[in-house]
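Student: So TrEMBL lists the following for this protein:
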DOMAIN    129-477  domain 'SAM-dependent methyltransferase TRM5/TYW2-type'
BINDING   His218, Asp256, Leu257, Asp284, Ala285, Asn396  S-adenosyl-L-methionine binding site
REGION    319-369  region 'Disordered'
COMPBIAS  327-346  compositional bias 'Basic and acidic residues'
COMPBIAS  348-358  compositional bias 'Polar residues'
Amino acid sequence: MSLTMAGAGSSPALDKSRFLQRLPCAALRIPKQRSHLVASLLSRFLLDMPRVRHIVPDPDDPFMRLLLLAPNITLPGLQGLPEDKKQALANIVPLDVVQHEVVLDYSYWPVEHILKEILPAGCDVPSSFETIGHIAHLNLRDDLLLYKKVIAEVILDKNPKLRTVVNKVGTITNEFRVPEFELLAGDPSLVTEIKQHGATFRLDFGMVYWNSRLEGEHKRLFAQFKPGQIIVDMFAGIGPFAIPAAQHGCVVFANDLNPTSVKYLKLNSQINKVGDRVKAFNMDARDFMRKLVSEEEGIVGQLATPIVIDESIVHDTSNLSTKRSKKSDIGKDGGEHPTGERRDTVEAPSSEQGNDIPSTKKSEEKKGKKVRVSGFVKMNISDIKPWERFDHIVMNLPASALEFLDVLNGLLPKGRWKGIMPRVHCYCFMRSNETNEDIMKKAETYLGSSIVDPNIYVVRDVAPNKIMLCVSFNLPEAVAFAPTPEPAILEETEASSLKRPRTE
């Protein structure tokens, strides 16, 4: 991924002075101690504007206040105020009426108002954007690119917690699902930290895939996992499914092809104190699945060197590195190994564990023992044999996950398998000219078998003509234990629809 700097071009400059407005209004000078009593009496006749107080200090007397009146109450004599209110007011304080001026400057107006004033008539004002920690992620249409710098400047001005604004450039075509970004304003560092459902995720947005709009889907899926279950995540990324599942008391075998994603997956496992419940792998998804069930101790049992966490960075996110990893350096930090990271035991998390700094103490439990902890079972992770059992398979690569269903055909070793058939959760895109039946036909073609009672869940609208689905089903025994089949071949029209590059 490359982060390019946006050129100034002919983008118009932001003239903040044009948003200055002065609004005259009548005001009552009243003693400070009587201000709220009078305001209650005249509540229906006070100035009512968003983010503008109707009781303000008197610039000439610190013991007095100005009570700002509605525009229809005018000088002299408080015209527009009912006589009974005037009489009641006179019984409380002397009538001291002055002219006041409400000043509204650039800081008052919201983003939508400012952009509507800046952009030409006919241009739709950007109504929303994705936030990833301190980063605002825009996806501007072509007609707004001329104004991208000023749009970014306004967004930074109006969102104090943001420090960086980037715009997505082109479509996602690389194998790691990482977009190209253009820096529009602010800090060039794309290393950031976010929180979801009690978990903390650190990531380099320029080097890994992340979509904050999938937060609800992450929660929906891991809520289906039960403590003690074994989860296989074929396209794990930095851990949006794996980390919460591990916090929920599951063991997770998590894989991703992107070495930087695996680096942050292991780091996030430690930050969230689930490093002993997540095994991270860095390999092709099909190879990962085959080796997982191969009963090779060197593959499943040997785990990568843990990443050392600088605790000062965990406490103070302002110290996060401002240098992004180069592709040539990917995987060098922390001694990356394709078999992931391990600690000694699998332990259910406590309710307070979510965002603490991981403990460096070794487990005091004797190897091989199972102890009930917070209602969950504490297991020795080295005793877990995925060739005998796992419960869920997560396939979150919607642009091409359907194609990877072929690896499940003949995957499980019938003579050694002791569990029930795992539940598969396969994400995919469906275009406006397709139906659920079309998607299931593709899934069954790649799987090599019909699928009984699938659950098709609409995750979200991706574009006007495309939605994201999650197809969940129990892996058929006939498929899981079948002899190794020939690769699935789709008709040309079906295959071409799956080869389109990912665009979100």
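Glycine residues also receive a Cβ, built from the backbone N, Cα and C atoms like all the rest.
Burial and contacts for the listed features, if you can.
Tutor: The average pLDDT computed for the domain 'SAM-dependent methyltransferase TRM5/TYW2-type' (129-477) is 79.
Residue environment of His218 (S-adenosyl-L-methionine binding site) contains 20 other Cβ atoms, counted within 10 Å of its Cβ in all protein chains.
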Student: Out of Leu257, Ala285, which has the highest number of nearby Cβ atoms, where nearby means within 10 Å of its Cβ, if these are the binding-site residues?
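Tutor: Per the Cβ count within 10 Å, the most buried is Ala285.
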Student: Find the longest CA to CA distance in the recorded S-adenosyl-L-methionine-binding set His218, Asp256, Leu257, Asp284, Ala285, Asn396; express it in Å as a whole number.
Tutor: 23
